[in-house]
Amino acid sequence: MTDYKATLNLPDTAFPMKAGLPQREPQTLQRWDSIGLYQKLREIGKDRPKFVLHDGPPYANGNIHIGHAVNKILKDMILRSKTLAGFDAPYVPGWDCHGLPIEHKVEVTHGKNLSADRTRELCRAYASEQIEGQKSEFIRLGVLGDWSNPYLTMNFANEAGEIRALAEMVKGGFVFKGLKPVNWCFDCGSALAEAEVEYQDKKSSTIDVAFLIADEAKLAAAFGLPALGKPASIVIWTTTPWTIPANQALNVHPEFEYALVDVGDKLLVLAAELVESCLARYKLEGTVIATTTGQALELINFRHPFYDRLSPVYLADYVELGAGTGIVHSSPAYGVDDFNICKQYGLSNDDIISPVQSNGVYVESLEFFGGQFIFKANQNIIDKLVEVGSLMDTETISHSYMHCWRHKSPLIYRATAQWFVGMDKQPESGETLRKRAVKAIEDTEFVPAWGQARLHSMIANRPDWCISRQRNWGVPIPFFLHKESGDLHPRTVELMEEVAQRVEKEGIEAWFKLDASELLGDEAAKYDKISDTLDVWFDSGTTHWHVLRGSHPMGHESGPRADLYLEGSDQHRGWFHSSLLTGCMLDDHAPYRELLTHGFVVDENGRKMSKSLNNVVAPQKVNDSLGADIMRLWVSATDYSGEMAVSDQILQRSADAYRRIRNTARFLLSNLSGFNPATDILPAEEMLALDRWAVDRTLLLQRELQEHYGEYRFWNVYSKIHNFCVQELGGFYLDIIKDRQYTTAADSTARRSCQTALFHISEALVRWITPILAFTADELWQFLPGERNESVMLNTWYEGLTEMPADFEMDRAYWERIMAVKTSVNKEMENLRAAKAIGGNLQAEVTLYAEDSLIADLSKLSNELRFVLITSTASVAPLVSAPADAVVTEVAGLKLKVLKSSHAKCARCWHHREDVGVNPEHPEICGRCVDNISGAGEVRHYA
């Protein structure tokens with residue numbers, strides 16, 4: 001038997017079937033570094049329009065987790081796709097370096113008795129070490145960026161830039177000093193930003209407390225009575241017994257109805273709507289003897305339960321009837337609403353009672369409870385209320401309560417002297433910050449769109465921003481306050497610039513070691529140099545100002561405003577939020593044009609990642625087991641607008657999808673063996689009809705993918721590329737062309753037409769997958785035929801694809817109809833193979849019984865119809881001639897019948913043909929193969 005293998009154009013490529021990503025990817029990273037890929041991208045981008053994505057800085061502490069990986073991969077996919085779209089899209093990674101978590105780590109390692117200077121020194125060293133670790137982990141993900149020159153909030157230039165930004169805000173009239181209740185953590189010993197607060201369930205003691213009337217006549221008059229006749233008390237309900245020692249007022253809603261209830265030996269004032277539930281709680285029976293509005297109770301005085309002072313009634317719209325008594329006790333030092341209402345009624349800062357120290361312990365001078373930790377004092381306060389006869393009821397409830405995000409310990413509101421940015425404070429010029437921010441939100445694009453309403457509601461309802469902290473490791477607030485008046489030095493803005501210049505050279509240490517006389521001279525004795533530091537959200541929130549236009553200038557045609565900020569959904573209350581406020585103060589607009597938000601990563605059951613649940617997916621382990629490209633493919637395939645589910649099983653599905661894409665690429669490369677685009681490529685008009693369709697289909701898909709990339713809809717990109725590889729290529733085109741590719745003469749028009757199409761498809765595909773499968777695309781690029789530059793990233797979307805003419809006879813709709821016919825034929829052949837009626841498709845002879853219009857379509861392919869259907873013979877007949885046993889298909893007007901061929905099998909092309917052995921020199925092969933080996937070769941026109 002003759003071996004005809006040498007006469008076939010069998011596929012051949014060195015592109016490996018096995019990806020070996022965990023081993024190969026680090027080699028690719030080394031290659032990118034050795035060729036200076038990022039620097040080359042900046043060179044070729046000099047004359048391109050710029051696209052700026054400003055990196056939200058991760059905190060320089062610990063290893064990266066799966067959420068970090070998602071964030072960085074999304075950013076990289078966007079910037080790679082923008083580069084391919086013809087933009088200069090730099091990426092400068094950043095790190096958030098100051099703040100309590102790092103200070104806490106240093107204290108744990110080195111103890112709490114460090115000097116402030118030593119603490120800062122160790123914090124800077126620790127942050128630097130953490131950054132190097134995270135940097136290598138981000139690079140391993142395939143993220144292209146200026147990794148040798150990142151921005152760090154602890155860089156001297158950025159610390160100085162932050163001080164200059166603060167100076168601009170002071171100059172603009174946005175900053176003020178105030179006594180206000182702020183989120184306070186005893187473990188931190190500092191105020192916390194809203195973004196540093198999380199909510200957890202907490203068990204608390206609730207108490208109903210009676211405050212005895214002091215103005216009996218006024219209370220009687222308010223209820224329309226000549227006299228009370230019995231002792232009367234107003235009853236409050238609270239979940240914070242520890243605030244009772246600081247009580248200074250009682251709040252009622254002006255429009256609610258309040259009842260005077262006779263319970264036998266005394267009278268109680270309660271919200272009328274809650275009388276029944278309150279009496280049941282107190283195990284009392286009573287009768288309502290009069291009602292009035294909250295408005296009528298205003299300024300009536302009651303007595304504090306155990307201190308010799310009065311508590312007046314103030315009106316407050318925030319009072320609710322959902323629980324309690326309808327009366328709220330007010331401790332202005334420990335509640336934002338309490339504070340605001342008391343200030344409205346003229347309470348001065350000096351009048352506010354604030355007995356809780358920064359560590360959560362009452363001052364020693366507090367009668368009954370001095371020196372006690374507030375949460376431990378709760379029971380002692382309850383006991384005292386019992387002793388004085390004021391406790392009506394106590395219960396234990398579980399409720400959502402604010403906790404420190406770092407220590408997981410309960411927080412309180414605590415009035416302290418802090419520096420604030422005023423949301424509604426009238427600046428030197430223009431609108432208030434709140435109005436500016438609301439307008440800026442309206443001018444910003446949001447992906448997903450619901451982010452706009454979320455950020456709007458946060459801005460509309462947020463309090464003033466407390467920007468000061470009482471920590472060592474932070475950018476200083478370089479203010480000098482007059483010792484007598486407490487006012488800022490009149491040259492504050494000028495002095496801040498002098499400090500900034502020093503910080504630029506020496507870092508924040510320059511302020512802390514500064515002697516006031518160095519700047520103030522003889523005035524120094526009159527001023528205090530404050531030691532407060534800035535909220536870390538101010539650090540990251542001002543990076544747009546001192547990084548984009550300072551340490552990493554990235555201004556483009558519309559200034560140093562970023563085109564895009566991209567972070568997790570928690571950043572509506574974090575970086576998006578603080579950046580918006582600083583941008584509106586400094587530039588009167590948001591520092592971004594568009595905000596993209598991604599969801600949190602959860603497991604396949606929707607649960608958060610947790611070591612206790614053993615469901616943590618570590619990106620480092622994924623890199624080592626599957627490869628970063630698999631993780632990148634998972635990110636691209638997942639709709640990031642909601643929660644993003646991941647597990648080992650989900651990643652394995654991504655690995656399976658990856659193999660299908662890789663195998664398609666390998667098939668393309670293997671069939672480009674011996675193809676030189678410089679000499680072998682055919683013009684479109686010389687290509688076969690099916691090949692022209694394949695290139696046209698690739699062009700249409702490329703347009704769709706460009707649109708999806710532009711809209712950041714990566715899951716659409718993934719699904720369309722995957723479907724193209726599996727269905728339109730693998731399930732149709734590539735299947736059909738195998739016969740032509742393998743059996744026709746190597747340099748025939750039929751084969752070169754096919755290779756031309758494969759080359760164009762490969763050039764397009766390698767670019768399509770580059771933003772997602774960064775490593776694999778780079779590998780594929782090295783194996784493509786023809787001269788090319790060092791990296792696919794140094795190119796733009798492929799421009800060699802051609803569109804079918806509008807009048808092309810075998811147009812797109814035509815091939816859609818042919819695909820439908822082929823699908824029906826395949827379905828029947830699968831049934832026959834399953835029934836063992838035929839061994840393979842080429843054993844089949846198919847007859848298609850069709851309506852006239854479909855006959856016309858099928859007849860256009862002439863004798864090449866069999867190559868499209870991948871059968872040994874294919875014939876067409878009128879539908880009316882279909883035998884009774886013809887199979888009805890899903891295609892309208894089509895029936896078919898498949899028979900097993902009785903002809904011999906060609907040893908070369910495997911078709912069963914009647915002319916096998918007709919040529920005595922080649923008794924084992926068909927006439928077509930004889931012609932392809934030793935004759936002029938077969939001629940194809942369509943497929």
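Cβ coordinates come from backbone N, Cα and C, glycine included.
The feature L-isoleucyl-5'-AMP binding site is assigned by Swiss-Prot to Glu567, with sequence analysis given as support. The ATP binding site feature in Swiss-Prot is assigned to Lys611. Sequence annotations record features per position, and here Swiss-Prot assigns Zn(2+) binding site to Cys906, Cys909, Cys926, Cys929. The feature motif ''HIGH' region' is assigned by Swiss-Prot to 58-68. The motif ''KMSKS' region' feature in Swiss-Prot is assigned to 608-612.
Ranked by CA distance from Glu567 (L-isoleucyl-5'-AMP binding site), the binding-site residues Lys611, Cys909, Cys926, Cys929 have Lys611 at the top as the closest. The binding-site residues in question are Cys906, Cys909, Cys926, Cys929, and the one with the fewest Cβ neighbours inside 10 Å is Cys909. For the binding-site residues listed here (Glu567, Lys611), the lowest count of other CB atoms within 10 A around the CB belongs to Lys611. A gap of 66 Å separates the Cα atoms of Cys926 (Zn(2+) binding site) and Lys611 (ATP binding site). For the motif ''KMSKS' region' (608-612), residue counts in helix, strand and coil come to 0 helix, 1 strand, 4 coil, using DSSP. Other than the site residues Cys906, Cys909, Cys926, Cys929, same-chain residues with C-beta atoms no more than 8 angstroms from the centre of those residues' C-beta atoms, the Zn(2+) site, are Thr743, Ala907, Arg908, Trp910, His911, Arg913, Val916, Ile925, Gly927, Arg928, Val930. As a whole-number mean, the pLDDT of the motif ''HIGH' region' (58-68) in this prediction is 96. The two recorded residues, Cys929 (Zn(2+) binding site) and Lys611 (ATP binding site), show a Cα separation of 64 Å.
Rounded to the nearest whole angstrom, the C-alpha distance between Cys906 (Zn(2+) binding site) and Lys611 (ATP binding site) is 62. Rounded to the nearest whole angstrom, the C-alpha distance between the residue listed as 'ATP binding site' and Cys909 (Zn(2+) binding site) is 58. Across the motif ''HIGH' region' (58-68), DSSP assigns 3 helix, 1 strand, 7 coil. Secondary structure from DSSP puts Cys926 (Zn(2+) binding site) in coil.
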